[in-house]
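**Q** From Swiss-Prot, for reference:
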DISULFID  Cys3-Cys24  disulfide bond
DISULFID  Cys6-Cys11  disulfide bond
DISULFID  Cys17-Cys42  disulfide bond
DISULFID  Cys46-Cys57  disulfide bond
DISULFID  Cys58-Cys63  disulfide bond
Amino acid sequence: LTCLICPEKYCNKVHTCRNGENICFKRFYEGNLLGKRYPRGCAATCPEAKPREIVECCSTDKCNH
């Protein structure tokens, strides 16, 4: 699996996930509390969202754009 790994809105930095990491995630905040930041990466399980945070998980290559 390959996931995007940069926090900018338009990201093209691709990372090959390690064994056991079969999920790509992207997190962002309701109301843009941190400005336009979208932390992304690989995970074994979908990360839990913090208050006012939205986490999207998917399992195909580069799906976390």
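From the backbone N, Cα and C atoms, a Cβ is placed for every residue, glycine too.
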**Q** Please work out which residue of Cys6, Cys24, Cys42, Cys58 has the most C-beta neighbours within 10 angstroms of its C-beta, and give that one of the disulfide-bonded residues.
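**A** The most densely surrounded of these disulfide-bonded residues is Cys24.
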**Q** Sorry to bug you, but what's the C-alpha spacing from Cys17 (disulfide bond) to Cys24 (disulfide bond), rounded to the closest Å?
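**A** Here the two Cα atoms lie 9 Å apart.
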**Q** Do you know offhand how many angstrom separate Cys58 (disulfide bond) and Cys46 (disulfide bond) by C-alpha?
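**A** Cys46 (disulfide bond) has its Cα 9 Å from the Cα of Cys58 (disulfide bond).
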**Q** My understanding is the cutoff is Cβ-Cβ under 8 Å with a sequence separation of 6 or more in the same chain; which residues meet that for Cys17 (disulfide bond)?
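**A** The answer is Leu1, Thr2, Cys3, Cys24, Cys42.
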**Q** If I take the alpha carbons of Cys57 (disulfide bond) and Cys63 (disulfide bond), what is the distance between them in whole Å?
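**A** Their Cα atoms are separated by 9 Å.
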**Q** Where does Cys46 (disulfide bond) sit in DSSP terms: helix, strand, or coil?
**A** coil
**Q** Taking the Cβ of Cys46 (disulfide bond) as the centre, how many other Cβ atoms fall within a 10 Å radius?
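**A** Taking every protein chain into account, the count is 14.
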